[in-house]
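Inspection log for the structure reproduced underneath, given as structure tokens.
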Amino acid sequence: MDMSTVLLYVIAPLIAFSMVIFIHELGHFLAAKKVGVRVEKFSMGFGPELIGFTKGETRYCISALPILGGYVQMAGDTPDKIIGEPWEFYSASKKSRAFIIIAGPFANFISAIFIYAVGLMIGIGVPELPTEIGKISHESIAYKAGIEFKDKIIQVDSKSVKSWEDISSAIFKKKPEEMIQLTVLRDGKEKECKLQLPSTQPVDFSMLGIKPYLSPEIADMVKGFPAEKAGLKAGDIITSINGKQIDEWGEITEVVYKSIDKPLTFSILRQNKQIQVKITPVEGKMAEGKRIIKVGQIGIKPIVGKIQMHRLGPIEALTEGFLRTVIGTPQYIMLVIRGFAEKCISVNDLSGPVGIFSMAGEQSKSGLGNLLLFIGFLSVNLWFFNLLPLPVLDGGHLVILLLEKCTNPRIARKVQEAANVVGIVLLVSLLLLVTYHDILRCFGLSLG
């Protein structure tokens, strides 16, 4: 393993994990200090201490298993440790204890805004896609406004655009349901098309129903997916599927998406020779508007333009960071909940430490900005996960606190002791399950 691989898939993911955990525990730590509760230990990770130091009343350390989390150990943080001192956790008022519990997830939520903003100011790598329109749905807003296949968008509200990212950025700044004008080039002549944006906030560009034109030539394959197993190669050009002519990439995805577990016959142009290959798409998941849907996948990637760095100014970056966190996060949570409710996603689709390490490594390949966006996303996920009303999580502690307020404290603590045992067993079981599926995904093995 060379040094660049170590940096991408070990160091960068470790920094990502450590950063969101540190922010979370720092929230608990500062809140405890604020209300006068003594913090005995601030640990990054669990298990035996590797390195540390003591300052004041607190021991700060890094433990043997940093990727599994961290903790803040407070004086009197369990009922059996109470000696009656005012600086103990259980001696604090219920309001103060709730403040300490909530502070960790809150720190993750607020910090995500600034992590997103910094990432966007540093710049994220985006492919420079052409402004020529490829696949367009006949039911879409764009089609009803008069936009057609192969139109080239040259202006958005009279402002010139040179790439698909320019179009996306221009529309992102618009208000929901606002009327916009797209100037397109068709057969050498300019044509103006007016359309009303969707009501989503921020404006979801994908809901216009247009995608950039991409050649049906394969750039790369995903390891372990049907296309690779069938022998497709980079440079192959897909000319037809089941006898239907293919002119652009959107037509490929349209057929494949609808063909889960259905064999398809691909006609391939390879080095001026036509060959035929049978491929059966496997089931995958994809976000479509406010839903997660099941789609067919064969694991091929299109040729895209060179990667360009897209940067925002401080005000724009903070605004988008705020929108991604405060508005985008609830939308994402509802998307996932709906996916579970409609049985489009399951526990097998979740990722644990191994999967997150892999994703962080992939993002770091695209630059620091992309890695920071992933860290911001990880931070809001930790916020949501920790507030779930499950034993040993912050949300579970809040439930026990509420139970303590409504009933006898002794009853609440007995419930907590039993719930903690069950919670630890459930969380460890979930961790093992998602890690198992993470490993399968890493090796391109079937999850069925």
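Glycine too: its Cβ is placed from the backbone N, Cα and C atoms.
Per TrEMBL, the feature domain 'PDZ' maps to 218-246. The average per-residue pLDDT of the prediction over the domain 'PDZ' (218-246) is 92, rounded to a whole number.
For 6-24 (among others), the entry in TrEMBL reads transmembrane segment.
Sequence-distant contacts of the transmembrane segment (98-126) (same chain, six or more residues past either end, CB-CB distance under 8 Å): 20, 23-28, 30-32, 34-35, 37, 74, 89, 92, 165, 307-314, 316-318, 320-322, 324-326, 329, 366-373, 375-377, 379-380, 382-384, 386-387, 394, 397-398, 401. Summarising the annotation, TrEMBL assigns transmembrane segment to 98-126 (among others).
Sequence-distant contacts of the transmembrane segment (368-388) (same chain, six or more residues past either end, CB-CB distance under 8 Å): 12, 16-17, 19-21, 23-24, 104-106, 108-109, 111-113, 115-116, 118-120, 122-125, 309, 311, 321, 324-325, 329, 333, 356, 359-360, 394-396, 398. For 368-388 (among others), the entry in TrEMBL reads transmembrane segment.
Among the features that TrEMBL reports, transmembrane segment is placed at 418-437 (among others). Counting residues 6+ beyond its ends, the transmembrane segment (418-437) has Cβ neighbours under 8 Å at 347-348, 350-355, 390-393, 396, 400, 447 in the same chain.
A Cβ distance under 8 Å defines the sequence-distant neighbours of the domain 'PDZ' (218-246), meaning residues of its chain 6+ beyond its ends; these are 252, 255-256, 264-270, 274, 277-282, 297-304, 443-445.
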